[in-house]
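Enquirer: So Swiss-Prot lists these for the protein:
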type	residues	note
DOMAIN	39-208	domain 'FAD-binding PCMH-type'
ACT_SITE	Arg185	active site
ACT_SITE	Ser238	active site, proton donor
ACT_SITE	Glu308	active site
Amino acid sequence: MIISPATRPTPMETPAIALAGTGTIIQPETSLAEFTTYRVGGKAEWYAAPRCLEDLVAVLDWFQGQDLPLTFLGAGSNLLISDQGLAGLVLSTRYLRQSKFDEEQGLITVAAGEPIAKVGWQAAKRGWQGLEWAVGIPGTVGGAVVMNAGAHNQCTAETLVEATVMRPDGGLEVLTNEQLGFSYRTSNLQKHLGDRLVVDATFKLTPGFTREEIMGCTTRNLHQRKSTQPYDKPNCGSVFRNPTPLYSARLIEELGLKGYRIGGAEVSQRHANFIVNIDNAKAQDVFNLIFHVQGEVEKHYGILLEPEVKMLGEFAR
């Protein structure tokens with residue numbers, strides 16, 4: 001079906017939209033819970049997951065003719081979507097996957113939908129140093145760039161050279177590390193460049209190590225994460241940024257909040273800076289628990305913890 005640019009369809013009027021010349025279908029009223037690591041959240045008014053750059057451009061061409069808000073979605077980690085869902089188009093990069101290694105220069109260019117953990121393993125198997133921290137991270141390369149993901153005192157910004165981003169009009173830009181404006185767990189893509197979608201990213205790594213050296217470090221990092229974090233329950237990763245030089249988890253644990261529960265959401269008993277979906281939680285349960293913990297820490301320590309998780313949609317306060 002070809003939709004006239006002047007026509008804004010509604011889910012009640014159109015069951016699905018197949019974009020001519022592409023393999024992409026824009027689906028109405030699509031549950032987002034299965035696309036988030038929390039396994040919570042309502043429906044997207046419209047949802048599309050293109051499998052190549054050309055289809056991505058086609059979806060954005062369609063979007064330009066509609067009066068719709070636009071939300072980008074990667075692996076759905078570090079994210080809390082409300083039970084009411086999201087209006088407009090939710091555009092997922094989960095199927096945009098490709099990796100290209102430049103053996104001579106130690107460069108790796110990766111599509112936005114590739115899991116950052118997978119890229120870490122690929123580099124380690126080549127004996128390339130620089131992404132050992134990424135194993136166990138649940139997000140995509142695109143998400144890692146947007147939030148400057150990191151672990152083990154390392155982060156995306158340390159090895160990222162540049163990222164290709166797409167504007168809502170389908171135009172491409174290449175942003176350097178400096179232009180991305182990285183700081184602790186954020187970048188300009190969360191600020192004044194928030195309408196840009198990461199298409200791919202190029203990292204500069206250090207070749208020349210043995211496979212055993214880098215794989216050993218990578219494996220140790222993964223073991224540490226699995227032994228200290230609740231891998232067995234749905235979660236979004238760390239809930240709060242650390243108020244340097246302090247640690248959010250330590251403040252929360254000192255208040256005895258491990259195991260504190262609201263509805264089906266619980267402060268992890270393994271790591272206090274994680275909130276887990278322990279029993280069919282609603283997004284509102286998680287939201288309420290986040291703000292309860294935040295309030296308790298502020299009341300006792302005078303420190304307002306800043307959420308690392310991004311909240312989308314409407315929540316009751």
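Cβ atoms here come from the backbone N, Cα and C positions, even for glycine.
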Enquirer: Could you check what DSSP calls Ser238 (active site, proton donor) once collapsed to helix, strand or coil?
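Expert: SS state of Ser238 (active site, proton donor) = coil.
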Enquirer: Report the mean pLDDT of the predicted model across the domain 'FAD-binding PCMH-type' (39-208), rounded to a whole number.
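Expert: Residues in the domain 'FAD-binding PCMH-type' (39-208) carry a mean pLDDT of 96 in this prediction.
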Enquirer: Long-range neighbours only, meaning 6 or more apart in sequence with Cβ under 8 Å: which ones does Arg185 (active site) have?
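Expert: Same-chain residues close to Arg185 (active site) (Cβ under 8 Å, separated by 6 or more) are Met147, Asn148, Ala149, Gly150, Arg241, Glu308.
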Enquirer: So how many other Cβ atoms are close to Ser238 (active site, proton donor), meaning within 10 Å of its Cβ?
Expert: 21
Enquirer: Around Glu308 (active site), how many other C-beta atoms are within 10 angstroms of its C-beta?
Expert: 20
